[in-house]
Amino acid sequence: MEADWDEVAIIQLTPPGPHNAPTLVTTFAFDTSQELLWTGNDFGRVTSFYGPNLEKYTSYRAHPTAEGPVQQILFTEKGILSISKRSIHFAIRRGLTQWHLTNEAFKDLRCMNFTSKGTREVLVAGCQDQMFKVDVEKGSITETLPATDNYTIMKRAGQYICAATNTGSVHMLDSGTLAVVKAWKAHAGSINDMDAKSDFLVTCGWSPRQQFGFMLDPFTNVYDLKTLAPLPPIPFHTGAAFVRMHPRMSTTSIIASQSGQMQVIDLMNPDTANLRQVNLYDAFLTGLELAPSGEALALSNTSCNIHLWGSPSKIHFPEYSNSTEFAEHPVPPPSMDWSLDTPLSTVGMPFYKEALLSGWPSHMLFEVGAPPPKIDPTVLSSMTRTEIGFYAKNPKTKRRNQVEDTRSADRINDSLTAPKFLSEKARAAQLTNESEAKTIETMETLTDLHLDDVTRKDVPAMYGNVEIKYSKFGVDDFDFAYYNQTQFSGLETHIANSYANPLLQLCRFTPWVRNLALNHTASSCLFEACLLCELGFLVDMLEKANGLNCQASNFLKTFSSLSNVASLGLLEELSPNVALTNMIQAFNRFLLDKIAEEYKRMLPPQGPPSIMDQVLETQALASMRCAQCNNETVKGGKTFVNELVYPSKNTVKNPIRVPRPTFSQILKASVERQDQTRGWCTKCNRYQQMVQRKTIQSIPAVLMLNAAIHNHEAKQLWSTPNWLPQEIGIIVEQGQFFCYEGQDLKLHLQRGVYSIMVYELIGVVADINSGEHQKPHLVAMINTSPSSRDITSENKWHLFNDFLVRPIPKEEALRFEPTWKLPAVLTYQAKSASHQIDDTWKDHLDTQLLYRWWSSNPEPPESQFKLLNRSIEAPRPGTPVAIDAEFIRLQAEEIEMKADGTRETIRPDRKGLARVSVCRGAGELAGLPFIDDYISVAEPVVDYLTAWSGISPGDLDRTTSPHALVGLKHAYKKLWLLLNLGCVFVGHSLANDFRTINIHVPKKQVVDTVDLFFKRELHRKLNLKFLAWCVLKEKIQEDTHDSIEDATTALKLWRKYQEFVDAGVLEQMLDNIYATGREVGFRAPGSKDVRSGGGRDTPEPGRADTPGVGAVTPARKTGFGRGVGFGSPMK
């Protein structure tokens, strides 16, 4: 049981009938060849569950209910064996019965195991005088044998079958002759559990105690099967109830008590034990089972639950699993009403390999006529019936006698087409000799001219799926500005679980959440998997980016690494069939609960409610009253997310009798939710009809709502124009919750009798289903005004469709259509918090991270590394620091080969930060590093890129690395602190580094030497090794890359650049550098010809030496040749 083991799933066994209570698990076992967990219950039913999420796979009645519980389950390659008191059942894993064996001699069967013939023959015994050999292939009894004793448990170990009796003894049976070889008394009472593997047998049992009856023995007995002699028992003071031997570690066993305490112990060294506790609350354990792989552990309890434990990243059941067969859903044939009027085209044509005579070539096909033009929606909505048809007012959207080209209009695809790559635009400008004329692409292609018409049903193109296209220059060549010309940054989509992007944008524009996240991030929190810190990093990056595209890769990576997100169904790759609406609503609940918990970690324990709780928590008292005796129990409760509950079907369908409910009425009914359910009444001592009701005590400053639309009636409510109010008012008075909108809200505000809290709508996350050829996705419509620092700013709504961002009217933002646009999450915030943007966190940054050595490894010598001195070297605005980072490849790129032989990048490779070095940029110690962090990596590494990163296998593993490793957040926060302290980062090709690190540094804080020594008209950027050789006369990267060497080299180049500028010879020196570069192929002598993936020599978009770019190489100047030295022009 490794350190990352945790509870990954918990399920309750299905009740035997629709009105029955759940039943206990009487036996359960892991399949030996497939990823299945099999269980039996008190009613003879066998049920299996698939995979680590324990999804229900098979369920069948194996034994009659009258025979009582299923006693044991065994596995063969072909199927499943199970026994009850009077029968033996064999079925394949899909549940189909192969044979069912009953016999008059079967009186009280309890256990079974395979004989020396392997899985072809099984020995069945019980609390009766006879045992039976059963042929598994034929399902018949081959031999009846006398039983020496009444057996309750059987385990196979080597040549023996270990059988436990009901009197506490253990018999060793020869697996061939079935004769008793050895017998001994294991426990004074009976044996509760037993297991045997390789050379050891372990037992747990009961013994009589004076005045207390039978109690579990506080030890586990151990027997050596080689010598058939007992070994010293293992103490277990809470009472050993269950025991299992580890299938792969022959001397390791797991012991558990009924109260849930588990102990992993080595039989040869019982003094070293690993203790765990299962959260059972008011239940007790009834069973324990270990998977054949040793990577999963199942526990059953008296609450009819099964708990699955294991490592979320490694869990599997058998050592080598076969594929599990799932049911195929048959596609029903289409129904067809055949009549004389049915067109023959409804009958499908057969497939022919040879060309048909009716297959005309394309040059002989002609388009004749055109489809009729579509009627204007304005006309359709205002038509009046007459005797001969309908008439309507002319909307005057077209000129008189204007002919519409309807055929070309039909060809228009509503999906978004990607713009040209930046390199293609540069190439087109060069070929047409129009250097000043640039291709102007506006957002008109994304704008629908009929947005003002709120009755329109078509899906505007701006709501379509957006997808990043990759050229040979990578993602940097993609024109993100085509999709976003606002000051608000979008989020990229090629990252796993990017469905969360709209909700993250909603948090960024909610002032309360934004302020608390940034204040927490600026604190001393060093928890590695802290979502609140990651949210603060992301919010700060989005604000600094000011309209440039960003990615939430660090946040989503931390989120995906949490142990319980998979079991909650929050990972896209593990929940492909879950609707995005359900997933984002579950993520909303999880995120708010998680960040509130993380905020409390930095506060004193047992303190008052935190500010985060006051901002997000709805405090309530939950009462449950018995409908029979009126006995009522009340307990406190809290919720971060309120789910909307809609009225019954009749209320919505009959608006004449009952007015259509308003949003405020729906919200009141949802918050004060009243339900009827069955529950246990402590006064009646039985299950009764219970009435649940919530009494609201306080409301938060931020009201998060899940729309929870599950029926057609709810969709019709949301499609009502202006149904969602932009402002609501809430009064909480003596446990009563009142909600108002519109004129009612204005009236209460004018009266001023009650203390009413006014909320304004911040934004909505909506589910978009934009057509049969596009997959559903999520967008956010957000009012950006409340998060503006300008208190005079007016409401401005924006659409955030991942990296597509554009302003939209309020009417369009709050318009919903049942067919393609429905809300999933809504956020209201107290209006008093508008424009309350708190930036005081910048003045209270906890910078101790920069001045302490955090590793247990010894600190390097001061000649190689020295931490900053807080008193004289504290970073200030403008302080230069040299930076370089090295990366590893965590995921290979996904490539699609097309029919014409070309290849298209579907998803680029994913790199991870492996090492980051930051050196002083000024002063006596300039060039000496004060940060040199190696980042530990837990996920598999595809390629260490050793030739370009200097990172070798084992360098990032905590068990083998010679370096002082830190977590990714630890290293990231140091850079984030330097960024917000105002430091200027000096380096080479920093844009790629910052993108992979997932941090945005404003241009005024970046000095990139790749841009300093660059002549734009030559379209060629120079690599660091060449510049060091040519400008500094130094050789770097001789054997491998070193981030400290690269950072100090960039620092020297910056100083040399400043000397060139001061001397007024910069242009001359650049000409000389490029002339030298052309002679040596822009490579320093000794450089390798093959180089990929390093980032320093990666070709830039539009460079001249790229095939097809078309730039002319400047003529070589005379008088400057190879080997001419570069001294400082000041000398």
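Every residue gets a Cβ built from N, Cα and C, even glycine.
Caution: TrEMBL annotation is automatic and unverified by curators.
So that you can see what the record holds, here are the features copied from TrEMBL:
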| type | residues | note |
| --- | --- | --- |
| BINDING | ASP884, GLU886, ASP993, ASP1046 | divalent metal cation binding site |
| COMPBIAS | 1120-1131 | compositional bias 'Gly residues' |
| DOMAIN | 489-831 | domain 'USP' |
| REGION | 1085-1131 | region 'Disordered' |
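Within 10 Å of the C-beta atom of ASP993 (divalent metal cation binding site) sit 24 other C-beta atoms, taking all shown protein chains into account. Contacts of ASP884 (divalent metal cation binding site) defined by a Cβ separation under 8 A and a same-chain sequence distance of 6+ are given as VAL916, SER917, GLY987, HIS988, ASP993, SER1043, ILE1044, ASP1046, ALA1047, ALA1050, in order along the sequence.
Packing around GLU886 (divalent metal cation binding site) is summarised by its Cβ count: 28 other Cβ atoms lie within 10 angstroms of its Cβ, all protein chains included. The local packing around ASP1046 (divalent metal cation binding site), expressed as other Cβ atoms within 10 Å of its Cβ over all shown chains, amounts to 26. The average pLDDT for the domain 'USP' (489-831) in the predicted structure is 88.
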